[in-house]
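Annotated features in TrEMBL:
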type	residues	note
DOMAIN	A:21-250	domain 'ABC transmembrane type-2'
TRANSMEM	A:27-45	transmembrane segment
TRANSMEM	A:57-75	transmembrane segment
TRANSMEM	A:105-132	transmembrane segment
TRANSMEM	A:139-163	transmembrane segment
TRANSMEM	A:175-190	transmembrane segment
TRANSMEM	A:227-247	transmembrane segment
Amino acid sequence: MNVDLTGFVALLRREILRFVRRPRNTFVPPFITNVLYFSVFGVILGERIDQIAGVRYILFILPGLIVLGAVSNAFENASFSIFHGRWNRYIEEALTSPLSYTSMVGAYILASATRGLVVGVLIALIGAFFTAVGVAKPFYLVAFMLVITLLFASIGVVGGLWAEDWDDLTMMNQFILRPLVFFGGVFYSLNEIPELFRQASLLNPMIYMVNGVRFGFLGVTEVDPNLSLGILSGLTLAIVGIDIALFRRGYGLTD
Amino acid sequence: MASAIEIRNLTKSYGDVTALDGVDLDVPEGSFFGLLGPNGAGKTTFINILVGLVRKSGGTATVFGYDVEDDYREARDLIGLAPQEFNVDKFFPIQEILETKAGYHGIPRDVARERAEEVLKRVGIYDKRDTRFDWLSGGMKRRFMLARALITDPDLLILDEPTAGVDVQLRHELWETIIDLNDKGTTILLTTHYIEEAERLCDEVAILDSGRIIEVASPEELMDRGTDDIVVQLRDEPTAIPDFAADDDRVESVELDGTRLVVTAQQGGLVAPDVVQALDDAGHEIVDLEISRTSLEEVFVEMTRQGEGRATMEVDQ
């Protein structure tokens, strides 16, 4: 294995082991939350709601819940890991090494996206416990899941570098990420809200992610999946580029 | 001799505060080099520029010929750093931290494991290998900081206050380890508050004060600039003594208190035989003689005193 790859793998391994060895902090919370979501929204409320977009309500919300869990975890992992490393200064172990800035950013993003994907699969399994789940468009499902977890991991890197305090991390998660997801068509169809709100919703990038993953599972969508995938991929590449530039500049990392 | 570190006109400012103000310095390859200075002199800033934790404002800095910014990967690969502040991963046991750090430097996992075991044994905390850093005692934490700096087998070992807060026995053990590394060719850059440490270990020291290098010399050369006291105990109280100051311009003062004579002179060790000879010639019987050598600390305090008032702000980090 060459020197660059060894360094990259060492950081990637460290980042993955960090969340794998702490399941109580990383996998148990989304497990409990999603069991509650499926029980309350899917089963108790869902049985009183008519079909949406031609499917049962529990199946309609499943892709949204997967997106919610996957992107939250991808974002939280990158932002927490980088900020915790800065706060306790052990990120200097990597910064003072010969790792290239691209390798550092790559390892943080890939590990965080992996956590997002694992949580996504976990939520799908919980959903499968409550109802039969099929995959109509596997390619789109995989492609959207990859892109959105990478995108939110790369946004998490910016968050981890930008945060000055633990409150900043909480704020980003509670006041920015969560409202975007909840107004991103997880629990309702765009066709069922007034036109003004529908148009406003189209500005929310989460709409495209939720609909993309829903297209993967159900084969139905309210927006063009190819266009969504293209825009999200472009956005991901741009933010990864910003991450690398920030590391190179030492933003939040060096004096 | 080639330079392990070559610094030219290095500057670093934090807003209006100048931490480094045009530093020029050469640290020869294979040397044991001390960087001394009061708090806020710029020592940690200087070190952090070399490893990429602080961005310089101007000038150049190279490590074994590699520019610390343009060739940062090569430069960082050659440096092992044991910083003053603990900055160790909280999540993993210490052996795993060492293996990961080695991995960052491109060392394959099987080799990294062997090396981690070896350095943990070398610093004497192998039996704590499965413990997390936070659970180690203060002394063990210092040992670990050295182990982590050594895991990549660096050509340049930078030790920022390596023995701060450790007991005398551990300090001596750490010294032995470092001396052994230097004997095997590792260049060492040491910052310390313990002047005794610099005096014992360093071939050469630079004195940094308010962001400027005010002196570079060997500890011996610096000590020669201070004065020693030659304390002579005479059997009988003399009525008159030879005029030492007139005969030797190295002598700065002579004090007689009953039978106790104190001659203060530069290079006291060289002046003492002349003093003894002159007293003997004058018929005075000497019952005891002691030379109280100046310490590097006294010279250091004297040299940095002029900078007092300027170094009021702690700008390290």
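Note: Cβ is positioned from N, Cα and C throughout, glycine not excepted.
Given the structure is predicted, the values throughout are model-derived calculations rather than measurements.
For the transmembrane segment (A:27-45), the list of distant contacts is 57-58, 61-62, 65, 69, 72-73, 118-119, 122-123, 126-127, 129-131, 187: same-chain residues at least six beyond its ends, Cβ to Cβ under 8 Å.
The list of residues near the transmembrane segment (A:139-163) in space but at least 6 beyond its ends in sequence, with Cβ under 8 angstroms from a Cβ of it, reads 66-67, 70-72, 74-83, 86, 105, 108-114, 116-117, 120, 169, 172, 209, 212-213, 215-217, 225, 228-229, 232-233, 235-236, 239-240, 242-243, 246-247, 251-253. Simply put, out of A:57-75, A:105-132, A:175-190, A:105-132 has the most Cβ pairs sitting under 8 Å from the transmembrane segment (A:227-247).
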